[in-house]
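Listed features, source TrEMBL:
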BINDING   7, 8, 9, 10, 173, 174, 179, 209, 210  ATP binding site
BINDING   47, 74  substrate binding site
DOMAIN    264-338  domain 'ACT'
DOMAIN    344-404  domain 'ACT'
Ligand code: ASP
Ligand code: MG
């Protein structure tokens, strides 16, 4: 007998029929003799609706009340699912975050899980019940309802699996697993059998949306094997797990892209100590996160300083940067929204030379100009003109032999 945590995302519980379908799978797992904890998201589209309503009430909705509102989507699904299981004669019990309780810090709309009390859940499991927990939510020390950031049900599931030392954590979604790249733009994309936490973290933060980043951080920290798979079929999905020798042999395991960034260039800034801090501090003060940063070699005491922010932050970032530019007597500030970041990720890069060269040669051969480059131990990202995104992804997928 095993303890299985299963998480079902919004599309998997998007209609009454789909919830009934999910129930079948849960029952199958339960009847096989396992203890089952189910974590569910809100029905697809519901959280978006709640967010939109909150935004109608106030330009900047109060954090505490925002969480009160957006946490309700999950409450509906846990109730519906538990109700259905009970109607079929099974013991089932729904839990909101505070009823578990899942204790978080107090950062509204992006709270972090601090601890999970397993007493109630364990008692129910012992009693033979299927436990159904609302994803995405918790409670802080002062008793406020909190939410974990969009996509946060993944993190709820992994955290519960870690706290109860579950044998398996299955994340059911509407795709078959983690792909070598987006199958929508590259027909030859292939499902990967397993991928290391670090590669998954890079891919997740690069715009591959299968798992919330924090859930992967959690899984890594507590060594939880996460099986990402489809709720629409019985196929084996992708195991997100500890790295092993075999993984090191693969140069590139995935190609990701992100069209969500924009570039800002501060041209002709005096190259003096402290200049990067001067430009970036007001941005971080405004909670704008900067992704890639490039500073040119200075010429005649002047340099260019280029960075990227999300498209959503561009307007505000430009206002701030223009002020800094004035104050530092920079020549001008340029921006470009039509860019995209294309990245390759692979553990093997750590121990093999020449991967970057191979990437740049392939892009050049296809007439794709590289505007910015950044690297980490297991990742190389380039910024290119947005219109080349699809081409760049396909070229790199091919170059690094990902199709077979
Ligand atoms: N319902 C939340 C969202 O849409 C949490 C989740 O689905 O993981 O972001
Ligand atoms: Mg999700």
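Numbering starts at 1 and runs along the chain as displayed.
Positions of Cβ are set from backbone N, Cα and C atoms, glycine also.
Close to ligand 1, meaning a Cβ under 6 Å from one of its atoms, are these of the binding-site residues 7, 47, 173, 179, 210: 47. Checking the binding-site residues 7, 47, 74, 179, 210 against ligand 2, not one has its Cβ under 6 Å from it.
For residue 47 (substrate binding site), none of the binding-site residues have C-alpha atoms inside a 10 Å radius of its own C-alpha, out of 7, 9, 173, 179, 210. Sequence-distant neighbours of residue 179 (ATP binding site) (same chain, 6+ residues apart, CB-CB distance under 8 A): 189, 190, 191, 192, 254. DSSP assigns residue 9 (ATP binding site) to coil in the three-state reduction, placing it in neither a helix nor a strand. For residue 7 (ATP binding site), the same-chain residues lying six or more positions away in sequence with a CB closer than 8 A to its CB are 38, 39, 40, 41, 135, 153, 154, 156, 157, 169, 170, 171, 172. Across the structure, residue 173 (ATP binding site) and residue 74 (substrate binding site) place their CA atoms 16 angstrom apart. DSSP classifies residue 210 (ATP binding site) as coil under the three-state reduction. Among the residues 7, 8, 9, 10, 173, 174, 179, 209, 210 said to bind ATP, no two Cα atoms are farther apart than 20 Å.
Applying DSSP to the domain 'ACT' (264-338) sorts its residues as follows: 28 helix, 25 strand, 22 coil. As a summary of secondary structure, the domain 'ACT' (344-404) carries 29 helix, 14 strand, 18 coil according to DSSP. The Cβ neighbour count for residue 173 (ATP binding site), using a 10 Å radius and every protein chain shown, is 23.
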